[in-house]
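Novice: Feature list, courtesy of Swiss-Prot:
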type	residues	note
ACT_SITE	H87	active site, proton donor
BINDING	F21, A55, F56, E57, T79, V80, I81, F112	5-amino-6-(D-ribitylamino)uracil binding site
BINDING	A84, T85, R126	(2S)-2-hydroxy-3-oxobutyl phosphate binding site
Amino acid sequence: MVFEGHLVGTGLKVGVVVGRFNEFITSKLLGGALDGLKRHGVEENDIDVAWVPGAFEIPLIAKKMANSGKYDAVITLGTVIRGATTHYDYVCNEVAKGVASLSLQTDIPVIFGVLTTETIEQAIERAGTKAGNKGYESAVAAIEMAHLSKQWA
C-alpha cells in the first residue's frame, strides 16, 4: 500500500509562527505561505498567525500552537543570516532542533520554513525571487503532511 497526502486544504486549520527579525524577508515568506494555503483551499479564517521577536523564539510558540489541539499543522517561518560572529550557528542549530522535535513530541506536523543563509541576497532569492518562495513551499508541505498524518490517527 502507498500512503500519500493530498494537496486540498479545505477544512484544515493551520497555525503559522513568524520571526519578526529580518522582517523584510519574513513578511515575504508569510505572504508566500498565506498564498499557498489559500490557493489550496484553506480558508482565511482557518489560518492563525503568531509573530515572535526572532527565529530563536519560534519553537516555543510553535509547540504551544501544536499542543493546543486547534491545528492540523503548524508552519514556522524565519530568516537567520550569517553575520561576523558565531551567533548564527547557535541560533540555526537550536531553532532547527527545536522545530524538528516538535512533530515527534506533539503528533502534529510542524514544518520548518526557516531560512538559514550566508547572505542577504540568498535570503531574498528564497523569499520569492530566483529560488521560489520557501513560505509557499512550506504551506504546501503542511497541507500534504496534515493529510498524510491523519491516515494513522
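Glycine is treated like the rest: Cβ placed from N, Cα and C.
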Novice: Out of A55, F56, E57, V80, H87, the recorded positions in the record, which is closest to R126 ((2S)-2-hydroxy-3-oxobutyl phosphate binding site) when you go by Cα distance?
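Specialist: Checked the recorded positions A55, F56, E57, V80, H87; minimum Cα distance to R126 ((2S)-2-hydroxy-3-oxobutyl phosphate binding site) goes to V80.
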Novice: Measuring CA to CA, name the entry from the recorded positions A84, T85, H87 that ends up nearest F56 (5-amino-6-(D-ribitylamino)uracil binding site).
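Specialist: Considering only the listed recorded positions, the nearest one is H87.
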Novice: C-alpha of the residue listed as 'active site, proton donor' to C-alpha of I81 (5-amino-6-(D-ribitylamino)uracil binding site): distance in Å?
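Specialist: That separation, Cα to Cα, works out to 10 Å.
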Novice: Measure from the Cβ of A84 ((2S)-2-hydroxy-3-oxobutyl phosphate binding site) and count the other Cβ atoms within 10 Å, all protein chains considered.
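Specialist: Other Cβ atoms within 10 Å of A84 ((2S)-2-hydroxy-3-oxobutyl phosphate binding site): 6.
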Novice: Given the binding-site residues T79, T85, which one's Cβ is surrounded by the fewest other Cβ atoms within 10 Å?
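Specialist: Result for the binding-site residues T79, T85: minimum number of other Cβ atoms within 10 Å at T85.
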Novice: Within 10 Å of each Cβ, count the other Cβ atoms and name the one among the binding-site residues A55, V80, I81 with the highest count.
Specialist: A55
Novice: Determine, to the nearest whole angstrom, how far the Cα atom of A55 (5-amino-6-(D-ribitylamino)uracil binding site) is from the Cα atom of T85 ((2S)-2-hydroxy-3-oxobutyl phosphate binding site).
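Specialist: Between the Cα atoms of A55 (5-amino-6-(D-ribitylamino)uracil binding site) and T85 ((2S)-2-hydroxy-3-oxobutyl phosphate binding site), the distance comes to 17 Å.
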Novice: At the Cα level, what's the spacing in Å between T85 ((2S)-2-hydroxy-3-oxobutyl phosphate binding site) and F112 (5-amino-6-(D-ribitylamino)uracil binding site), rounded?
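Specialist: Checking the Cα atoms of T85 ((2S)-2-hydroxy-3-oxobutyl phosphate binding site) and F112 (5-amino-6-(D-ribitylamino)uracil binding site) gives a distance of 24 Å.
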Novice: Which three-state DSSP class does F56 (5-amino-6-(D-ribitylamino)uracil binding site) fall into?
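Specialist: In the DSSP reduction, F56 (5-amino-6-(D-ribitylamino)uracil binding site) maps to helix.
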